[in-house]
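Features as listed in TrEMBL:
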- B:Leu11, B:Ser12, B:Gly13, B:Gly14, B:Leu15, B:Asp16, B:Ser17, B:Ala18, B:Thr19, B:Val20, B:Val21: ATP binding site (BINDING)
- B:Cys196, B:Cys206, B:Cys209, B:Cys212: Zn(2+) binding site (BINDING)
Number of protein chains: 2
Amino acid sequence: MTEKKKAVVLLSGGLDSATVVAMAQADGFDVHALSFRYGQRHSVELDAAERVARQLGVKEHKIATLDLRLFGGSALTADIDVPKDRDESAMTADIPVTYVPARNTIFLSFALAYAETAGARDIFIGVNALDYSGYPDCRPDYIAAYEKMANLATRVGVSDTEHPLHIQTPLIDLTKAQIIAAGTKLGVDYSLTISCYDPDPAGHACGHCDSCLLRKKGFREAGIDDPTPYQQGA
Amino acid sequence: MTEKKKAVVLLSGGLDSATVVAMAQADGFDVHALSFRYGQRHSVELDAAERVARQLGVKEHKIATLDLRLFGGSALTADIDVPKDRDESAMTADIPVTYVPARNTIFLSFALAYAETAGARDIFIGVNALDYSGYPDCRPDYIAAYEKMANLATRVGVSDTEHPLHIQTPLIDLTKAQIIAAGTKLGVDYSLTISCYDPDPAGHACGHCDSCLLRKKGFREAGIDDPTPYQQGA
């Protein structure tokens with residue numbers, strides 16, 4: 001029996017990364033999922049990550065603790081209000097206040113350490129250039145530059161240039177509706193996931209932040225019932 | 001009065017990074033020093049980092065906690081013996097067991113978050129291509145790739161391409177003796193620093209690991225008295 005190829009998948013507990021886990025598995029990878037406890041206001045997303053990892057049967061799930069609050073600068077980790085009920089032009093016009101400085105760069109760097117020690121050559125990240133055009137670290141040219149750097153940073157890049165590391169971004173050009181349709185076909189249970197920037201302590205979504213609005217619209221456009229547990233009245 | 005330009009400097013408490021702090025200051029930067037509590041076996045290096053930061057009068061010193069032991073794989077964070085009394089050809093032949101997977105990539109990523117929130121455009125790191133040729137993430141092409149990625153990862157890179165981020169590596173081509181000579185001229189007190197991979201709990205250097213041997217040789221070649229506190233008999 002040959003060993004299955006391994007991939008490290010960044011898993012936030014949101015809709016996108018849950019879909020990525022299922023896609024990596026469909027591509028034949030044993031998934032080593034990696035989540036972060038990074039001082040986010042809502043730790044309910046880690047509960048969601050664990051539920052998703054269990055439902056999809058990942059090979060291993062590690063949670064790294066790090067403190068991004070040390071540097072401040074984001075509504076997701078600092079005491080800045082999450083904007084509500086914005087229209088889509090406002091969402092995509094600027095870099096949002098929910099942007100965490102260098103977050104994907106930090107997350108990918110941990111994934112790189114994990115990949116190197118686990119013997120994985122593929123790192124999956126659920127970035128999306130359409131819905132999150134305001135985040136600099138969700139763009140294809142950023143990912144390409146990261147991949148190039150990663151291959152120079154590691155033993156693998158030095159000693160085995162025939163099997164380079166790949167940063168895989170299967171969602172990068174998909175709409176939210178396409179992501180939901182693909183994940184539903186692969187058996188992802190989206191009721192286990194949470195996308196909300198401002199959930200209540202029980203994990204119910206607010207229904208009004210940018211992330212909730214995009215998610216609702218995605219289910220609507222995909223023609224699939226939205227199983228998200230929302231707060232009363234949301 | 002115009003504000004001084006700011007730099008983030010990675011400060012380990014070792015000889016190299018202490019020298020880099022002094023060099024950044026000599027270049028006119030207010031130094032924002034960044035150290036890590038990353039599961040290293042010897043936390044005495046953080047004490048050294050604090051002593052160095054105080055002696056050199058940095059503007060700010062932050063210590064980020066993260067757990068690199070989560071992934072294992074290095075004598076610096078796992079339970080692997082640090083090699084002793086090796087000759088120099090053995091030190092530089094392979095990637096050493098003291099290599100921590102993706103360590104510089106992770107450290108630089110935190111420095112990038114710090115730089116972005118502090119408004120710094122320069123990140124200094126004391127990598128050296130001569131003494132540490134076995135570490136993939138100490139090579140100039142790695143640093144260049146990191147810098148390119150960093151400018152695509154951040155608000156600065158997106159919105160102000162006229163003032164890009166720079167990863168500065170003032171030690172990259174220097175011998176240990178040249179580093180020591182330069183730092184001594186800039187007033188670095190090397191008795192406060194610790195380079196040893198295997199110090200005792202009081203912070204005395206073992207005198208026999210690769211790092212101690214290179215450091216001893218550096219002082220000898222620079223013709224400067226070695227102020228390192230060594231363990232008895234080392």
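Even glycines carry a Cβ here, placed using N, Cα and C.
Keep in mind that TrEMBL annotations are predicted by a computer and have not been checked by a curator.
Projection of TrEMBL feature records onto the structure.
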| residue | record | Cβ contacts under 8 Å, 6 or more apart |
| --- | --- | --- |
| B:Leu11 | ATP binding site | B:Ser17, B:Ala18, B:Val20, B:Val21, B:Ala33, B:Leu34, B:Ser35, B:Ala49, B:Val52, B:Ala53, B:Val58, B:His61 |
| B:Gly13 | ATP binding site | B:Ser35, B:Val44, B:Glu45, B:Leu46, B:Asp47, B:Ala48, B:Ala49, B:Glu50, B:Arg51, B:Val52, B:Thr193, B:Ile194 |
| B:Leu15 | ATP binding site | B:Lys176, B:Ile179, B:Ile180, B:Gly183, B:Tyr190, B:Thr193, B:Ser195, B:Arg215, B:Gly218 |
| B:Thr19 | ATP binding site | B:Gly126, B:Leu171, B:Ile179, B:Ile180, B:Ala182, B:Gly183, B:Leu186, B:Val188 |
| B:Cys209 | Zn(2+) binding site | B:Val82, B:Pro83, B:Lys84, B:Cys196, B:Tyr197, B:Asp198 |
For the binding-site residues B:Cys196, B:Cys206, the one whose C-beta sees the most other C-beta atoms within 10 angstroms: B:Cys196
Per-residue Cβ crowding (10 Å cut-off), top of binding-site residues B:Val21, B:Cys212: B:Val21
Shell list (ATP; ref centroid = CB of B:Leu11, B:Ser12, B:Gly13, B:Gly14, B:Leu15, B:Asp16, B:Ser17, B:Ala18, B:Thr19, B:Val20, B:Val21; cutoff 8 A): B:Ala49, B:Val52, B:Gly126, B:Thr193
Neighbour tally for B:Ser17 (ATP binding site), based on other Cβ positions within 10 Å of its Cβ: 26
For B:Val21 (ATP binding site): DSSP state (helix, strand, coil): helix
